[in-house]
Structure formats: C-alpha cells, structure tokens
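Worksheet for the structure shown next.
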Amino acid sequence: MSTEDEKLLKEAKKLPWEDRLGHKNWKVRNEANVDLASVFDSITDPKDPRLRDFGHLFRKTVADSNAPVQEKALDALIAFLRAADSDAGRYAKEVCDAIALKCLTGRKNTVDKAQAAFLLWVELEAVDVFLDTMEKAIKNKVAKAVVPAVDVMFQALSEFGSKVIPPKRILKMLPELFDHQDQNVRASAKGVTLELCRWIGKDPVKSILFEKMRDTMKKELEAELANVTAGAKPTRKIRSEQDKEPEAEASSDVVGDGPSEEAVADAPQEIDEYDLMDPVDILTPLEKSGFWDGVKATKWSERKEAVAELTKLASTKKIAPGDFSEICRTLKKLITDVNLAVAVEAIQAIGNLACGLRTHFSASSRFMLPVLLEKLKEKKQSVTDPLTQTLQTMYKAGCLNLVDVIEDVKTAVKNKVPLVRSSTLTWLTFCLETSNKALILKAHKEYVPLCMECLNDGTPDVRDAAFSALAAIAKSVGMRPLERSLEKLDDVRKKKLSEMIAGSGGGDQAGTSSVTVQSSVGSTATGNSDASFVRKSAASMLSGKRPAPSAQASKKVGTGKPGGGKKDGSVRNEGSKSVEPPEDVEPAEMGLEEIENRLGSLVKPETVSQLKSSVWKERLEATLALKEEIEGLQELDKSVEILVRLLCAVPGWNEKNVQVQQQVIEIITYISSTAAKFPKKCVVLCITGTSERVADIKTRASAMKCLTAFCEAVGPGFVFERLFKIMKEHKNPKVLSEGLLWMVSAVDDFGVSLLKLKDLIDFCKDVGLQSSTAATRNATIKLLGALHKFVGPDIKGFLNDVKPALLSALDTEYEKNPFEGTAAPKRVVKTSVSTSTSSGGLDSLPREDISTKITPNLLKGFESPDWKMRLESIEAVNKILEEANKRIQPTGTGELFGGLRGRLLDSNKNLVMQTLTTIGGVAAAMGPAVEKASKGILSDVLKCLGDNKKHMRECTLAALDLWLGAVHLDKMIPYIIIALTDGKMGAEGRKDLFDWLTKQLTGLSDFVDAIHLLKPASTAMTDKSADVRKAAEGCISEILRVSGQEMIEKNLKDIQGPALALVLEKVRPGFVQEPFESSKAMAGPVSKGVTKISKSTSNGTLKQGNRSRAVPTKGSSQITSVHDIAIQSQALLNTKDSNKEDRERVVVRRIKFEELRPEQIQDLENDMMKFFREDLQKRLLSPDFKKQVDGLEILQKALPSVSKEIIEVLDVLLRWFVLQFCKSNTTCLLKVLEFLPELFNTLRDEEYCMTEAEAAIFLPCLAEKLGHNIEKVREKMRELMKQIIQAYSVGKTYPYILEGLRSKNNRTRIECTDLIGYLLETCGTEIGGLLKYLNIVASLTAERDGELRKAALNTMATGYQILGADIWKYVGKLTDAQKSMIDDRFKWKAKDMEKRREGKPGEARAALRRSVRDSGPEVAEQSGDISQTVPGPLFPRQSYGISEQMLERTPVPRTIAGVNGPTDWNEALDIIMFGSPEQSVEGMKVVCHELAQASNDPEESAIDELVKDADGLVSCLANKVAKTFDVSLMGASSRSCKYVLNTLMQTFQNKKLAHAVKEGTLESLITELLLWLLDERVPRMEDGSQLLKALNVLMLKILDNADRTSSFVVLISLLRPLDPSRWPSPATAEVYAVRNQKFSDLVVKCLIKLTKLLQSTIYEVDLDRLLQSIHVYLQDLGMEEIRRRAGADDKPLRMVKTVLHELVKLRGAAIKGHLSLVPIDMRPQPIILAYIDLNLETLAAARMLTATGPVGQTHWTDSTANNPSPPANSADVQLKQELGAIFKKIGDKQTSTIGLYDLYHITKSYPKVDIFSQLQNASEAFRTYIRDGLAQVEKNAAAGRTPSSLPLSTPPPSSLALPSPDIPSLSSLDVKPLMNPRSDLYTDDIRASNMNPGVMTGTLDAIRERMKNMQLASSEPVSKPLMPTNDNLSMNQQSVPPSQMGQETVHTHPVVLPMDEKALSGLQARMERLKGGSLEHM
C-alpha cells in the first residue's frame, strides 16, 4: 500500500462512521466495514446502544458498487446480526430488500454471505420480512438471482423447520416457479417442494401443489417423493429459543413409559392441511344453482338434488366463512323430512359444512345438535351411519366442545327411545376420547353424575355405553374424579368399571410406548442421516445431486463466534447447528457385583463388606469410613455415579437404622454439592428414597438439605417434576405433606424463575388442595402463598374453582406473603440452567388462546352504527379477558386490535374511554408479546392525549401504565416521540405526557434510550404554554440523569435554544453559551426560568469577552473578536445540509401579515445556527443592534462572492429581515433597507426569481410596514417594493399590495394606494384581475383622512387616463358625494391631459384595441404597449382557458418571453421538458407565438416544419399537465396550468399538427385530461372553474381535430377499468370503483361525439384498425362477461355496440371487407362477427340498408370451402348486391354524398365494371346526376377534400323511385327496428317506415319533420362541453330505456348532413309544391 493510501486511511479513521462508509475511496469504505465487523464482534450485550446507532447504515453498505467492499459489508452485517437481538428487526425490511436487489447476482462468496445474512434475520424472528423479500426476489427477471433466493428459502425451511417458516407462504410462491423458463429455477422449486414434504407430509403438498404443475414435473416429483421421509427436525433455533435450551434440557427428563417432553417438542410439527388451503366461497354458486327453489319443491327427488348440490359444494376442504344461518335452518327442517333419502343427504351436507367451516360453524352446530341427537332413534343403518359420522365430524372439526353440549346430552340421555340414549352416550365416549385433559377436567363434574345415573338404565346397551364413557374419563384424567362416585356402586359394577379402565389404559399405554420408541428411533436415524450433510441448494434434494459432506459446513460463511459473556455462553453454528443429544436421565439396572467391579480401588474392600453387614453398628462405621474416603478423593467428578449407586445398593434405601440413614444422606449431599457435575441419573436414583426420608421426623432435616443440594446441582425444575409423581402416588400422606413444605423452602431459596409454574399450580390444585389430609392442604396453602410472593395476584386467576373455604384460607396466606416481584435468589444453580430465566417465572403461567372467542359477530359489533352494540363488543372483550384469567396468547388477536383501534376514533367519548381501558387490559393480559401483536395501536392510544377532557387523558395515561407493565419503556419510546412532535396534540396532552415520562424515568437508575426524548423535550422548552415548558424542563432533568454524560454530549447537536443552556449547565457546570442571549432577547417572555439563567450568565460572558477583544481601530464600527479571527477561514454560509424544498413546504402562504410567534423565532435561530458561520450568526442574533449592523456589513461585503449560497438560504435570510422590520430600532432597519436593494440586484444578475414561498415570507410584512412613521424609511421601502415588482411579477405582487389597502395603519393604506396607481401607470390595465379591485380604491374616497382620499383620487385619475369613461364600470357602488368628488378629479385630469397634449382619457387604449382587431397581434406589438408595459413575468392571469374563442384570438406575442427567456423553438421545447414550472411557462410562450405565426402563414410551410415536433411537444405537455396541476393544488398559482392548456389548445387547433400526434401520446393526454376533469380538487384551486372550462374546450378540440382512427382506438381502450396508480390522488377501493364509473361515463360521452360525426367523417377513419380495436375489446370481455354486463346495462359495452352498429349501418355488407386485422379463422369465431351479422340482419329488416345476402347465414371463412358454386359467380353476385345498396344511398338525398363516394371507390377498385349497365331502368336525369357527382368526387379527392365538405346538388326526385331491376325494392322488406322507436338515433328512418306506402318520405308531414330535424341540427352549438364547468361535477346522464337492447343512445340524426343552404331551399320548394297539391311520385 502506498504512503498516500496509508495517509488517506489514517485520516479517514477520524471521520464519523457514516462518512467512512460512504467515502468515495473504496479502500476507506472497505476498512470501515472491517472495523465495523470487529466492533460488533466485541459486543456481548444485545442491548448495547451501539447496535441501535449502526443498524440503519447497512441499507447502503450492502448495496456498494464495489464487490470486495460489498462482501466486507456483508461480513459486518453478519457480525451485527449475531450480536443483536430481535430489536434489530426494525431494520430488516430495507436491508433485506437491498441484499436481494444487489447481492444475489454477485460472486459465489457474496451470495453465500447474503444467504447467511438472510438466515440470521430469520433467527432474529424477522420471518415475515424475509418472506416478503423472497416474494420480490423470485420475480427477478434474471434467473441467476432467483436460484439463490429459492435456495435460501430452502435452507431456512430445512434448518428452522415449518414452525418458524410458515409453509403456506412458500406454497403460494412455488407455482410460478414451476413454469420458469430456467431449468435451475425449476430444479430448485422441486427441491423446496420435496423439503416441504419432509416437514408437512406428502399428502398436503400433493393436494395443494400437484394440480398446478405440468404432468412431466408431477412424474418427476412422484419418483423423488419415494426417497423422501417425513418427520424432519429443525437443526437450528431462533434466538429467543436458544436462550431456553438449557431449561428445556433440564425439564426433558420424566419418569415412566410416556414420551419425554423434549421428544414432543422436537417431534415434527403436525401441519393441518386445512390451514394451508385457501377458502372457497360456496354461497355464490349455491345461489345460482337453484338451491332455494329445489329445497321447497314438493317432489322429494328435487329436494334431494338441491341438497346434493350443497353437499357437493361443501365437500371442499376449506369453506370461506359467510352467513349460513338460513341454510342451516333449512337443513334442520330437512333432517326430519319424511323421505329418508332427503334427510340422509341433509345430514351429509351438515357434516361437510362442519368439516369445511370448522369453528365458523360452531353456532350452527349447536343449533342443529338437538335434532341430530333426536334423529338417532332411526334404526336403519343407511341413516345411522352418516348421522354418526356427521356428529363425530362436528366434534373433531372443533364446531362443538364438551362444555357446549352438556344440556343437549342431558336431554338426549333422558329420551324415551333407548337407542337415542345409547347412541348419545356412544358419541359422548368418542368426544371424551378425542378431547384434551384440560377440557375434560372442566366438564367431568357434569358428565360423571350423568353417566353414573345411566348405569341404572334398564337397557343393557345404555349401561354399556355409560361404562365406556366413564372409562374414557378415567383414562384421560385419572381415577380421582370417579372416587366419590364409585363408592355408591355395588361391587359387580365397580369391578366391571375397573376392568374396563385397566383394559383400555394398559393396552393404550403399551401401544403408545412402543410407537413412541419406534418413532423416536426412526426420527433419530433420519436426523443422523440428514445431519451428515449440509444442503445449501434446493436442487440438492433431487436424486443424483448429493450435497457436500458436513465437514465443509464448518468452513461456510457466518459460522458462530464464541461469546463467553453472551446469553447462554455460546452462539450456535450459523450454517448448520448440531443439536446436542439430551442427557440420559433414566439409570440402567446395575447389580452389586458389577458396582464392586467398577469401584476397583476407589473404596476399600473391607468398607464395602462392612456396608453389607447385618450389624447396624458395622454399617454405621462403614458409612463413616466411606465418608472420610470420599472427602479425601482428588477427582471426585469421575466417580460420582458409581459411588451413588453403591450407597443405593448397600446399605440401600431400605435401611432401618436412623443413624445409618442419616450418614448415607449426608454422603450423597456432600457428593452432590462438591462435584462439579452431578448427573441427573444420580438424582433419579436417590430422589425416591430421599423423599421418603423427608416424611420421617428423625431424618427430615438432612433429607430436605439433600433435596436442596440436588436443586443446586441440576436445578429445582427437574427435582420438582420428579417429586410430583412420587408424592402423588405414594401411600404415605406424610411424603406428600412434608414434600410440599420442603417445596415452600425451595421456592423461597431459588425463586420461581426456574420452575414450570403451570405444572406446579396444577399439582397444588389437583393433588394438594384435593387431599383429605388437613396437613397436606395446609402445606399446599403455604406453598401457594410462597408463590404469591414472587408471582403476584395473577395466581388467583388459576384457583377460582377451588372451594370457598380454601379460597379464604388462601387469601389469608396471600396477605402474609405480599407480592414482592422478582428478587435475586438466595441460592444459585451450578449448571448452565441458571442462565436461562426467560422460560420460567411469571411467564410460565399458562396463557389462554382466545382466537376462537374473537368471533366475526364480535368484530362486526365494533363497527355497528348503534353505540350500544359497540359497547357490548368492548365489554365482551373484557369478559373474555376475565375468563382467561387475564393471561392470553397473542395468537389471532390482530383483528381484535384492528377493531379496538377503530373505536379510539369513536364519536362517543365514553366508548373511547372504555376502549382505552380495554386496550390496557389486553396489554396487561398478553404481556411482552403485545408489542408485536398490537400492530402499532399505541400511536393511536397516545393521540387520545390530545383530547381536551381531563377524564379522557387520565384514561389514556392509565392505559399507558398498563402497557408499560407489559413491555419495557424502550419499546414505547418511538411512539412517544411521534406523539410529542404531533402538532395536533394540545398543550394539556403534552404536559401530561411529559409528567408521565418524568414519573417513569424517576424510577430508573440507568436508561440509555431516554436520550431519544431529549430533542422533542428541548423543542417543548419553547412552547407557548408555560405548563408544557415546565413539564419539559422536569423531564429533561430526568433524561440527563438516566442517560449519562457521555451519551448526552454525543447528542448535543440535536438541541437548540433554551434547552441547550439547561443541558449544558447540568453537564458542564459554569459553561455559558453566547448565542443564548439572542434567544432570550427574541423569544421574549417565553420562559421566566430560562431568562433568569441567561441574565445570570450573560454578565460573566461579557466580562470574559472584554479581556480577549482587540483594541478597536479609530473610526471603525466593526469590532472583531479573537474567536472571530480564529474562524475566518471557514465559509460564510454552510449550505451543505440545506434542504430548501423541505423548508418551503411548511411555509404558510398567507397574504395577510402576522407577527412572528416564539416557535417561529426559535426555528429561525436554529436554521441560522445551521447555515451561517458562527461569528455571523452571533452578530445577526445578538440583541445589540450594533452587532446586527456589523453582521449585515459582513454579509454585504461578501454578497457578490456568495450569491449562490445566498439563494439557497434566501428564505432564512428573508425571515430574519421580517424579524428586523418588526423591531423598533431605526439604525438596524435602515441598514437592512440599504442591504435589500443590493440583494435583489444580485438575484437579478443571477437570473433568480423569488419562489412563492419566499414571497409569502417577505411581501406581507413589507406591504404592512410600508407605512412606517419615518419618512426616510417609507421612501426606501417604497423604492424596494417597486424594485421587487419589476424583478418578481406584478401578477404575484399586487395581491399583497391590495391586502395593504385593508391595513389598520393609514400610512400603509396611502402607500399601497399610490403603488396601485404606479402599477396602472407603468403596467397598464393588462394585469389580470387588477381592475376588479379598483372599487376598493374608489371606496377610500369616503375616508376621513385627507391624505388617504387624495391618494385614492390620484390613483382613480390614473385609471381614468388609461380607461376613459370605462372606469365607471369598475368603481362599484358609491355615494353621490363620492361620485361627484371623483368626477371633478376626472375632469381636472382630462384638462391636464389636454394641456400636455396627451390626447383624451382612454383614447390610446381604444386605438390599441382597434389595431389588434384589424391587424392582429403584430400591430399591438409594434405599438409598444404590450411589449413595453408587460415584462416577462407580467403575463395576465386571466388570458387562459376561459373559452375556446378567447383562446383562439389571444396568441402570445414573441416578446412576451422576456429578456432571459428562450429565443427559439428548440430551446423552448427543451425548457418545457426539463425546466421548472416557472421556466416552462417561458418556453410555452415561445411555442405559442411560433404556432400563432405558423398558423397565419398562407403557404403553410412553417406548419410543415413544426409537424415533426408535434408529437414530442404534446407528449411533453401531457406530462406537464399532471405536474402543473399537482403544484397548483399545493397552493401555488394556477398560471402554469393555464399556459399548458393554452399551448395544447393552440397545437390542436391546427389539423396538421393534431394529426401528427401518435396514438400512444394521444392516449396519455386524453387520460390525463379526463382524470383532471373528474378530480374534485380542481374547483377548489385558484381559477378552478376557468380551468375546468379550459379542460372541456381542449378535450372537444382534440376530438374535432385529432386523427379520427387514433381517437376511436384510444377511447375504446379507455373503456376498460383504469389502473388506480393513474389517479392523481389515492383512495379506497370503493372510491376507485366510483371514479372508474365516472371516468368511463366521460369516455362514453367522447365516443358519442365522434360517433355523431361518423356519417360525414367515415372516410377519415381506418375502418380495419377501428374494427380491430372493437374486436380486442369484445374478446377481452368474453361472452360470459358480455352477457352479465348486458343484463347490468353496462354503458361502455353499449357504446362499443353502438359504434359497431353505426359502422354497419353506414357501410352495409361492405363492412366485411374491413376485417383484415381481425382473425376471422380463429375458433371459436370472434365475437365481433356475430354482432356484425346481427346488425346487418336487424338493419335490413328495419329498411335501413339493403340486404346483400341471406341474413344470418353469412360465411366468414373462405367461400370456396362452403359454396360449390364458382368463385367468379359469387364475386359478381356480391358486387351486384353492393352496387344496389349504393344506388339506394344515392337515391336518398340524405345519404347521396356517401353513396357517391362509395360508388367512386367501386369504380377505382373494379375499373372494368360498367356501372351504368345497372341503371338501364333509371331516368336519364338520375344517370346524369351520378356522372356529374362522380366527376365532382374525383376532383375533390384530388384536392384532398372529404365528403363532409362536398357541395353536391340534390338528386332528381324521379330517380328515387327507379331502382335497378336487379336490386330488391326497399319497400319489399319487413320493418323490424333494432332499437326502441323512441330512440333519437333512428327517429327519421323508423318514422318513414311507419308512413303510408303511397306517400312515404315525400309527404308534407315527412318533409316538415325532416326540416325540423335539420333546423335543430343546425341550431346546435358546434361543441358541447363534456363536463359541467361549474363547481358541481356531477354528470347529467340521460336515461336510456331498457328496451334498447344494450345500444348506447347517440343523440344524432344520421340522415341529416351538416346544414347547407341548397338542401334547405330544396326542401322548402318541395313543401310549397306539396301545399299546392302536387305530390311528387316516390
């Protein structure tokens, strides 16, 4: 390494960690990560505060672009995760996402370490985050990244097991991996599938996954499954379980034949397939199946079929919950149906429902149980078998429990039918056998007497069933519950019952034992075989891919590091931690001879022989000798077991001599207390004999001492557990009573942390308190009293069901042993058991799972509109807590917390208080788990402190107390910090919260996390409320006390203001900070206590400063201190950490000025301290005005060199100027006014314009202070305001000046009035909105102050000079005196103008208007009025978006772009695309000007040049629409919105430009415009109604001028539901549905407009493309959806049908020639073909077109395939038919133009066809008309004109009656209109079809009707707005009759062409002839 690198690394070590880790040099970053890893390796305490400081850094470090650095970062992360605990989970999401994104595609080492890190996150219980990340990772497009992700999931599942990694999440991810294109990914997916089979079994995996696989993959997996053995065991545990391991080992030793608890714990977790399935909704298909009609049918077969359908649907494995109450009522009736087949089907349906719904079917099961039990009377096996099966299913599925069915069983066993009684008892036996012990213990008191009574039944079957039930109870809970009842039985029955119990118990026990042994051996073998391999890859599960041997596992990345002081002494191997085999506690048999052989020379042979002696004295001597020998042994540990075995054999525990017994016990006590390790085997060998010796008063003391020694050796948990069984079964009651008394002393010595409290309490309750011996009961009471001392009152909840007398005795004992909490034990355990404390103690008290009690009805009650129902739900939760003894598990409480969270926002305050109490109760009952289970509800609880009611706040604090009792304060700190900084919380709430915190901190001696409270507490020191400040001060004192000085000094940078002085005084006594003077001076009377501190310290500071100051130079006003000189080298302004946008976001944009509040002053100080150099900020914040002037001079001198920095902190500087304006010191104010013009000149030179936020900070104050009482100050302020007007914008400045007119200061009003006159004089009246405020100025003429009246009259005179007499429109209502006064002033002004030869008032403005009207904008521009008086930023606001006409005639002049704006088209486009909103406006001005110029070019060459940029321009502007509207919604001006819309309008006014816009761009633009039309926030914006109008007009212009094909295609595509992300603002699903409905309605309106004009524009449309888009839309919907929507009257579908209908109507059969883009050969046929056929048929029937073939039998495929006739004949026929249809069109005046165009296209397509040969029977006039028409069409086609503008004459009337003989007459067809005759769309045609055949359309009535329609059409406006443009955005849709068969109503008249004079005059002439009686022949 070079010297430079070494130097760099050395220097870098001094930097903070964040700077090192983010350093630009990779070597620095690399070394930083290595150092960080070593720091974590040195941490042994998971609560070390350093871990919290570093956690957030890894998000960036693991994403490092340098591979070696990234690898080291992963090493550091692994070290961090090993050192941390589950608290590190807060960083899991962001770090895991970064690893998945950046590390999984790297080098092998990097991938391995990334996987190791993921597994450590799992170990820290961040499983959900891990799986969320994996869900994203497997969607990566790069297969190389997917394989490691799948592999790490595989490793996690393989190592931690399915208990930690939920299989359901993985099962959901696998299906998409099965079809992955990469084979490695597929192989990994298979491997994970096989691993799942090891954990949850093959059947669940098969049933869930196999149906989603391809057949080949199924076969492969089937073959692999043969090699997979179920019963996997985890090889690694999560961190919290690792802590419990020693205790788990200690408690794993049991006596007897049953399986050990450890074996149970490590056994493979039984996964219920039900939990892995997704629920299926069966209610919806059931409704559609006709079930309800079927079950009411009279025929039994129909009823059976209906129920069978339900049975079939309910056979799914998991049914979605719903309302099954009506179904169950129906089934209950059907159970008793007269037809047994129906009844059996109903019973089977109930069974299926119970199996699929489980606990959700509980209420329904209880409802139907009595009927089902009654049905047991049926003797037919076809009924009894399904009935028995259903009853058993209901119980197994958890729908019923023993407690619920007591009453129903009692009723059934008293039934008069013996079969019902016996079957009920048989079912009860089944229930008892499948229930757990706890449930039977609850219910046995009810069932035992019931069964005993049934033993006397007269029917043998009933008696046998009762015996079976009693045997089941005894088998489960033992004989104790039956003892008293057995006394009443005779010997025969007693003997029979005993035999049954013995028979069932013995057999079962043996079976269980053997099974357990086999499974244990099998699983051990499996575990051993698997343990020898480390499977890092999921693909290694597949055959032929054997994993690497475990020897390599030790080398893998992330192996555990030794940590002596951490947790249990070591950290397991991270990769594949091996589980140590449990200690063998059961001693093997060993004879005396073998013992002697093993003893060897350890004990003298004579001693052993004496121990065997029958003489007690010899035995005594031998024991004494043995004791001496043992005491002399050097290595006792190796011989412990053999010595204990010797003593147990000789003299043995049957020794009768007391002295010998005592010696034996003392020797064993000595061995157990002296040996380093005393095996549990030895305890098992001795404990029975020792417990018996406790019962003897002579040996009691030594035996108890021995038991205590055992506890010290192996832990009290193991000793207690062994004693329970011995004491319970021993015949000597003294063993029990004295053993209990020893337990009392043991609890006192060792505490309860190492005991299993649940087992101990159960033993006391079931054995001790139930004993008939008083001594035993008393000893038990003492033991429970001792437990109370450690556990507290919670123990009472577990003893509620004991007898009242015992309860009172217990209460007395509790009083003697009051709760003291956890204390240090008097004795300690030698083994590692002592380190595990988390598994015992209070937390061992049993917690109840309440998830089943949180029913949907309970949760629904929380949301009930009835407050009583909501209260009932809250009280129900309290009741559940009581029933659970206030000890609950977190399982399934997520929805409960959600319901309670909603009630915290209840309008009923009493309910909120009840909820707070309940939440506190839930927290106390749940314990530490509440922190994770509550889903952040604590933040909502804290919000309740913002209530103004004291009682509410007290309830909140009580809830916080209970919460604190459950979790530690450090878990609550993040929520408390948010609450303290919440602006909505009132002063009382903050004060109460600070007091509460102070109280909690007072009880702590050391609490590092309190440092996080320092910042919010210091902020509160500047609060307006004195109570809050006082409470915050008290809290800060406690924070400082518990945090420690080192931690405080690290965090001093976060503290400013008064709190800083307080902190420094406590941390560094005597320290004083100078800037605090300014705080005192500016904050004023904020805090009296703080002010005193500043006074007492400021004197000392000044004296000390005087000594160190240099002698001031004569004549110099600047005094430079030594400290200032020392920091001169630093930058004057530090803008490194400045974020101007964030500061401006919180600026309140007010026009009216308000004095600064103390907290605003404090914020200003804080910002100045951050950004200004120390000497500068000290001067500017000093209370001494001279220092402030000095500071300004420093800034003034540096101004040219720090202009960029000044701009960055301009808002801070302006706030300081505002502060100075509010002070009374004139010297400082004059200096400020001297500095400000220079500042604004600098800003102008930098081409910087103030932002709106900066203007809102400064201008209100400047406008208000214009009326200063010193003339000199007023003058400077006046000039400053004029300078700002020029630099900023008149349009944005004059609102502040207008606000000044409302000031209470008359001088301010005078100045503002003069400024308005100045604005009128210099800027004219073109300032948008200024004229409408002249009435305010005019009203000032009535004021008393003469100066104010004079100023108002002068301003009015200026306005009169410009406007002339028009000014009277703007003056508002005035008194006669005011009018007279103003009029006199106007006359004087007119005379004055005459003298000066300035013309007459208003003359110049009128001339300008005329010139603009006559010559366009150029003349106005040349006149100089606009260009001179309106600089760039002064563009009038109201010139946008008012109406289409206004937009068209307001082109933007070129010079309006301003001096610094863009100068050409390309530059303007760049600025629009990349500039800020303000800069974009300048670009748009140029674009508008260029467009206006190009539009006026007669040769259109300029437009042709711009066409190439049209699409790019519109695309850019479409993006700008959203941005500008978003900015305006945040409070900014709507100026940029208007410019965007105006530019778009100018673009789309030109057809060439509009046609150049591409389809994609058009879609984006239309979508954006329609969305903003619908946005309810737009009307609330500035000029919102104008913007709505502009949006409407622009939308209509787009529809008019854009490419028709693109418009149609885009709008049809927009009929689909819109993606929620496209909407401008987020909302709920319901709101999105409503929005989509409104959006589609608008799209439909647009399509209606286009469809109206289709007749005249059809040749502009690419019909092939349009039909393709309709085809795609219909195919996407599908026939099922179309049918559903047709029934629901869906508007989008109706609209598409309408467009298709219009196309078919206009083109007839020729429409089939436009299907080139539709795949007509596909199967099934495209839906569009059926609709075209239907329209052709219907329109032909309605005489709206000529049928061209057999309707409904059109062949869409190749005609040769289906038609044997030659193709030529077919083509001729088709051509003839088409010509016939065209001649019909030409014969009708309304469609003649279209017909001629069709005929023209035919002649071009078939030039050899003689069309006039078809017109032999037509009149010569008609043929001539056709010839002339074709010639005209050809001429128009050459000129590029469309049919809509074709000026053709009316066809000869006589021709209409002379169709070609080859063409069928129109009148010969039956009329069957498709739509309702009232439909506007088809009014004329249908009316014509209903007329008298003799008259037809030529009658007088028909012509009148047609004229009326034409006149209506001509009178309609050209464009109707799409949306109402006022604030009410509701759309007035016209209702459409349902008889219109799904077609959209289009209000158009297809037979009426655009109005022309010739057509109208021709009709009028015909009407005159009809009136004269000469009807034309039709």
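Just so you know, glycine gets a Cβ as well, placed from its N, Cα and C.
Feature annotation from Swiss-Prot assigns compositional bias 'Basic and acidic residues' to 238-247, 565-577, 1393-1403. Swiss-Prot lists 510-527 with the feature compositional bias 'Low complexity'. Taken from Swiss-Prot, the feature compositional bias 'Polar residues' covers 1093-1107. Here Swiss-Prot flags 230-264, 501-587, 1087-1115, 1393-1431, 1837-1862 as region 'Disordered'. Annotation source Swiss-Prot lists repeat 'HEAT 1' at 48-86. Annotated repeat 'HEAT 2' per Swiss-Prot: 165-202, in sequence order. What Swiss-Prot records for 322-359 is repeat 'HEAT 3'. Annotation source Swiss-Prot lists repeat 'HEAT 4' at 363-400. What Swiss-Prot lists as repeat 'HEAT 5' is 442-479. Annotation comment: Swiss-Prot describes 890-928 as repeat 'HEAT 7'. Marked as repeat 'HEAT 8' by Swiss-Prot: 932-969. Sequence annotations record features per position, and here Swiss-Prot assigns repeat 'HEAT 10' to 1230-1253. Among the features that Swiss-Prot reports, repeat 'HEAT 11' is placed at 1254-1286. Look at Swiss-Prot and you will find 1287-1325 tagged as repeat 'HEAT 12'. Taken from Swiss-Prot, the feature repeat 'HEAT 13' applies to 1328-1365. Swiss-Prot lists 1535-1575 with the feature repeat 'HEAT 14'.
When pLDDT is averaged over the repeat 'HEAT 4' (363-400), the result is 90. For the repeat 'HEAT 8' (932-969), residue counts in helix, strand and coil come to 30 helix, 0 strand, 8 coil, using DSSP. Each residue in the repeat 'HEAT 5' (442-479) gets a DSSP state, and the totals come to 31 helix, 0 strand, 7 coil. Long-range contacts of the repeat 'HEAT 7' (890-928) within the same chain: residues 843, 847, 849-852, 854, 858-859, 862-863, 867, 870-871, 873-875, 877-878, 881, 884, 934-935, 937, 940-941, 943-944, 947, 949, 951-952, 955-956, 958-963, 965-967, each at least 6 residues beyond the stretch ends and with a Cβ under 8 Å from a Cβ of the stretch. If you look at the repeat 'HEAT 8' (932-969), the same-chain residues 6 or more away from its ends with a CB under 8 A from one of its CBs are 890, 893-894, 897-898, 900-901, 904-905, 909, 912-913, 916-917, 919-921, 923-924, 926, 975-976, 978-979, 982, 984-986, 988-990, 992-993, 996, 1000, 1004, 1007, 1009. For the repeat 'HEAT 14' (1535-1575), the residues of the chain that approach it from at least six positions outside its boundaries are 1291, 1435, 1437, 1439-1441, 1444, 1447-1448, 1451-1452, 1477-1478, 1480-1481, 1484-1485, 1487-1488, 1491-1492, 1494-1495, 1500, 1503-1504, 1506-1508, 1510-1511, 1513-1515, 1517-1522, 1524-1525, 1527-1528, 1581, 1583, 1586-1588, 1590-1595, 1597-1598, 1600-1603, 1606-1607, 1609-1611, 1613-1614, 1618, 1622-1625, 1635, 1638-1639, 1642-1643, 1646, 1922-1923, 1929, judged by C-beta separation under 8 angstroms.
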